[in-house]
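Participant: Quick one: this structure, given as structure tokens, is what I'll be asking you about.
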Amino acid sequence: MSYTDIPAGNAIPDDFFTVIEIPANHSPIKYEVDKPSGQIFVDRFLSTPMFYPANYGFIPNTLSDDGDPLDVLVICPYPVSPGVVIRSRPVGVMYMTDEAGADAKVIAVPHEKLSSMYSNVKECSDLPALLLAQIQHFFENYKALEPGKWVKMGRWGSADEAREDIRKSVAAYNLKKEASK
């Protein structure tokens with residue numbers, strides 16, 4: 001099955017699906033889903049001995065500014081296995097730039113239907129400051145030992161900005177899909 005068979009969500013932008021590629025607190029291995037086949041490949045072994053501080057994946061059937069599906073970090077109490085789809089809701093967005101250009105990461109929590117643990121979290125600022133610092137530190141440093149690769153942190157955006165980024169990425173995907181017919 002291809003991940004293009006999975007819709008972006010139930011009620012975009014507040015209830016979306018995230019395909020997990022890398023579990024939280026996992027070994028320093030960067031996995032990527034091959035979108036057409038649905039297979040999970042090892043993209044590379046991170047040169048820095050660091051692990052992703054949250055479950056990392058993407059929203060299917062989206063297209064972000066970097067030409068890939070929109071990236072998501074899902075904050076939850078457990079690592080989620082690669083290839084699993086989790087219902088998510090946005091609480092913010094992290095704007096950054098890397099060697100390939102602009103690269104936004106939606107910050108999300110599990111949808112209320114999955115867990116009430118995060119029902120009080122409406123914005124990134126409702127998350128622990130240490131967790132946000134860990135996320136920022138990870139992305140600012142995880143490419144540091146890879147020649148030609150770099151990341152520059154921009155700013156944290158609101159849940160409303162994340163929702164707008166999700167809407168835009170769904171629209172961009174649909175536009176590209178229509179143009180290819």
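Keep in mind that glycine also has a Cβ here, set from the backbone N, Cα and C atoms.
Annotations per Swiss-Prot:
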- K30, R44, Y56, Y142: substrate binding site (BINDING)
- D66, D71, D103: Mg(2+) 1 binding site (BINDING)
- D71: Mg(2+) 2 binding site (BINDING)
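Looking at the shown structure, can you explain where the listed features end up?
Facilitator: With a cut-off of 8 Å between CB atoms and residues at least 6 apart in sequence, the same chain places I22, V42, D43, R44, F45, L46 near K30 (substrate binding site), listed in sequence order. In this structure, K30 (substrate binding site) is part of a beta strand by DSSP.
Secondary structure at D103 (Mg(2+) 1 binding site), as computed by DSSP, is strand. Same-chain residues at least 6 positions away in sequence with a Cβ under 8 Å from that of D103 (Mg(2+) 1 binding site) are, in sequence order, S64, D65, D66, D71, M96, T97, V151.
In three-state terms derived from DSSP, D71 (Mg(2+) 1 binding site) belongs to an extended strand segment.
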Participant: Counting other Cβ atoms within 10 Å of each Cβ, which of the binding-site residues D66, D71 scores lowest?
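Facilitator: Across D66, D71, these binding-site residues, the one with fewest Cβ atoms within 10 Å is D66.
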Participant: Does DSSP put Y56 (substrate binding site) in a helix, in a strand, or in coil?
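Facilitator: Reduced to three states, the DSSP call for Y56 (substrate binding site) is strand.
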Participant: According to DSSP, does D66 (Mg(2+) 1 binding site) sit in a helix, a strand, or coil?
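Facilitator: DSSP call for D66 (Mg(2+) 1 binding site): coil, neither helix nor strand.
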